[in-house]
Amino acid sequence: MDEKVIVVDATFLKTVYGGQLVFATAQDPNHHHYPIAFGIIDSENHSSWPWFLENLKAVVPDDPELVFVSDRHKSIIYGVSKVYPLARHVHCIWHLAQNVKGHAQQGVKKDDVVDKFIKCAHAYTGSEFKKEFDEFRKLYPACAKFLVDKIDVERWARCIFEGEKYNLDTSNSCESMNSVFRKDRKLSLLPMLDKIIEKFAFWSNKYRNECASMPSTKVVVPFVENVLHERCPIAKRLTVREVNGQEFLFDVFGSDGVVCLVDLASKTCVCRMFDIDKYPCVHAIAALMAKIKKDGRMSTLSVYDLCSRYYLVETWARAYVKTIYTVPHISTWAIPEDVLKLFAYPPDYTAKRGRNQEERHPSEGESRKKKKKKTSNKCKPHQDLGVFF
């Protein structure tokens with residue numbers, strides 16, 4: 001799998017020696033975490049992050065299509081710009097939302113600020129973004145001023161960003177890694193590394209088997225298949241007017257009264273969900289239904305032809321072709337004599353009073369809300385999109 005969107009983050013180790021565990025992760029086509037690299041650093045600074053990224057560059061070269069997602073730590077921003085000058089770098093909108101709500105005036109509900117900011121960040125079109133941000137500016141002028149003065153809008157607004165993020169706009173994958181290895185971060189270095197590699201090997205094998213068990217009739221990954229299955233009944237009720245059948249252009253009348261021009265040949269729609277998500281929106285599905293109905297048996301176009309190759313099952317399978325091996329027992333190691341003579345001294349440390357911090361301190365005003373229902377990424381063998389076309 002070509003990793004085009006990489007999330008980087010760091011978390012503290014919980015030993016007397018301190019230090020931090022850093023991760024670089026991607027997301028596989030079925031929205032599973034896809035770890036690429038990890039390392040140990042003394043702290044987040046202008047030396048450690050460039051060092052980690054230089055090592056990452058050995059397996060993920062610099063590329064104009066590459067996108068990094070992270071919080072706004074100055075050393076990460078410095079490291080990415082130095083080591084990956086061709087790549088784009090965007091901010092995790094969840095972390096940015098915590099910064100934004102800190103500028104809200106007294107008496108304002110912090111969670112309302114976050115919700116409104118996320119709506120601005122997730123807008124698909126320029127007009128939708130302008131409408132949402134104008135409302136945000138009226139409700140929370142200090143927060144809007146902070147965003148305008150301090151943050152480049154391309155680093156957080158979906159509709160302004162010109163690259164391809166495949167809707168990955170938070171560092172949640174790395175945050176999840178931090179949670180998974182919460183207990184392991186209390187271990188000394190080598191046992192911790194063994195645990196991390198063991199978990200990576202488990203995930204790799206699990207998703208390899210999951211992919212191999214997919215029915216042969218399935219073309220796209222379960223996540224996209226399930227999204228399309230949710231959209232098809234809606235698309236079936238929309239009115240479609242052919243604009244230019246030879247060029248695959250259609251006007252689709254949305255349930256909200258808005259008419260969207262769909263270009264099936266270039267895989268675009270005025271709503272821009274088709275363009276950004278890389279799989280068809282309800283308007284594109286409705287246009288396809290009209291096209292297939294008109295062409296009848298002569299039609300060769302499928303809903304899967306409108307999906308990016310990134311979301312094909314074969315692309316998902318390629319991501320897990322290689323095996324991750326766990327570290328064998330030390331009794332089986334063949335260690336050179338010159339290496340046996342070496343001794344690694346532990347770093348100096350200052351003993352701290354009291355117990356080590358076990359839980360993460362929440363950001364100011366942070367609260368945990370109930371998760372919204374998300375589209376499943378589990379395969380449903382008896383689900384058939386063919387019934388809609």
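Placement of Cβ uses the backbone N, Cα and C atoms for every residue, glycine included.
In TrEMBL, annotation is done automatically, which means it is predicted and not curated.
Annotated in TrEMBL:
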DOMAIN    258-292  domain 'SWIM-type'
REGION    352-389  region 'Disordered'
COMPBIAS  355-367  compositional bias 'Basic and acidic residues'
COMPBIAS  368-380  compositional bias 'Basic residues'
Three-state composition of the domain 'SWIM-type' (258-292), taking helix and strand from DSSP: 16 helix, 7 strand, 12 coil
Distal contacts, the domain 'SWIM-type' (258-292) - CB-CB under 8 A, six or more residues away: 124-125, 158-159, 164, 166-167, 220, 224, 227-228, 231-232, 234-236, 238, 240, 242-243, 245, 247-252, 299, 301, 303, 306-308, 310-311, 388-389
